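Enquirer: Once you've had a glance at the structure underneath, I'll fire off some questions.
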Amino acid sequence: MSTTYIVSDFLINTLLTIKRGVELAGLPPEFYEALEKPKRILVVNIPVKMDDGKIKYFEGYRVQHNDALGPFKGGIRFHPEVTLADDIALAMLMTLKNSLAGLPYGGAKGAVRVDPRRLSRRELEELARGYARAVAPLIGEQLDIPAPDVGTDSQVMAWMVDEYSRLVGRNAPAVFTSKPPELWGNPVREYSTGFGVAVAAREVAKRLWGGIVGKTAAVQGLGNVGRWAAYWLEKMGAKVVAVSDVNGVVYRERGLDVDLIRETKAKGPQLLEMISQKNGVEIVKNPDQIFSLDVDILVPAAIENVVREDNVDGVRARLVVEGANGPTTPGAERRLYERGVVVVPDILANAGGVIMSYLEWVENLQWLFWDEEETRRRLEAIMSNNVARVYARWEKEKSWTMRDAAVVTALERIYNAMKTRGWI
């Protein structure tokens, strides 16, 4: 495996996934070589005047992996531990995810190495605007359309789209997605990824067990994805018995009441504490206990590589639905399938966010809007159809995992586009 940049375990695992998919699909090796490296990598150094008057520089990236299917599309994360190698892996996953969803997008990802919790609101705004200026030459409605990711949100997108609009001298709503409803956004975006995870779980449960009603679920992570996955799983009839974040686990055998998720803006430890108090149960301080609970469905919805070979034997769920990007290592996934546990891969399960971004982009390009109910209906239809296609492919190939079926389906669409263009 030839690379000219610093690698990480996450990037290596992603490349192995792509390589396996190319081989399973019977596609030529030069296709893998075309996907092995991004089309373009931008590294930026962003100056921010801090509240103490000093200038501090923050390193950032924008990785544009492949645009055979259309403009680059992918989020921007602000996190103190981001690396260029991991950003490349995430851009590759976006290429696969966008292809699998049938969207007219290629894959990209952006990042800034910063802990946004340590910035004041003014500092965060200056950093967001600085990043938008730094990447402006490479983005646009038909070039590259960023969105939020870990550590960023709709307010950060609002600052970025405002800064970009200033630079080009016109309102440019379609350049960034997941904006606030007050600034060309759509209210469904707040919960779209978590909603999509719940839809994926429901559709697979329907095919495995006849339905999701009454099935028990545990959700690891109470960020935007996890909190809304828990909420919508309950609304679809599952019994959410446990939720967790880095501070611990809240568990109640007869099921948790997670209705407050829709009403509260609380995040992280505050949300975990609120759920604990509302349900009258204590927080168990070991967050890893979430993986060993006896449940039907486990939703890892926090960060990558949390289900690993050193803890996978403790996983008791029968269905793992990946809300996060890359939460299950390849070795752990093999062990799960050997035990009959099905894993719904990230590029299928958590595509609700980018599908919603596509719907918002279409609205912005045409200066029209759909109401919340119509938007959610369109999102649900696309997610359900994607699950049906991948599940049918997986059923035909008995030796494959569902990830194999998803990756092959995504790669075939990319390959056909590249071949038609004359790139291969």
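Just so you know, glycine gets a Cβ as well, placed from its N, Cα and C.
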Enquirer: Say Swiss-Prot lists Lys97, Ser357 as binding substrate: which of Lys73, Lys396 is in the same site, per that record?
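Expert: Of Lys73, Lys396, Lys73 joins Lys97, Ser357 in the substrate site that Swiss-Prot records.
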Enquirer: Which residue among the binding-site residues Thr193, Asn224, Ser357 has the fewest other Cβ atoms within 10 Å of its Cβ, if you could check?
Expert: Asn224
Enquirer: Can you name every residue in this chain, apart from Lys73, Lys97, Ser357, with its Cβ inside 8 Å of the center of the Cβ atoms of the recorded substrate site?
Expert: Gly74, Gly75, Met94, Asn98, Ala101, Leu103, Tyr105, Gly107, Ala147, Ala351, Gly353, Val354, Ile355, Tyr358
Enquirer: With substrate as the bound species and Lys73, Lys97, Ser357 as its recorded binding residues, calculate the greatest Cα-Cα distance and give it in Å as a whole number.
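Expert: Taking every pair of listed residues, the largest Cα separation comes to 13 Å.
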Enquirer: Let me know how many other Cβ atoms fall within 10 Å of the Cβ of Asp149 (site 'Important for catalysis').
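Expert: So the number of other Cβ atoms within 10 Å of Asp149 (site 'Important for catalysis') is 23.
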Enquirer: Output, ordered by sequence, the same-chain residues six or more apart from Lys97 (substrate binding site) with a CB under 8 Å from its CB, or 'none'.
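Expert: Counting only residues 6 or more apart in sequence, the Cβ neighbours of Lys97 (substrate binding site) under 8 Å are Gly107, Asp346, Ile347, Asn350, Ala351, Val354, Ala410.
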Enquirer: Cα within 10 Å of Asp149 (site 'Important for catalysis'): which of the recorded positions Lys73, Lys109, Thr193, Ser357 qualify?
Expert: Lys109
Enquirer: Can you tell me the CA-to-CA distance separating Lys109 (active site, proton donor) and Asn224 (NAD(+) binding site), as a whole number of Å?
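Expert: The Cα atom of Lys109 (active site, proton donor) is 18 Å away from the Cα atom of Asn224 (NAD(+) binding site).
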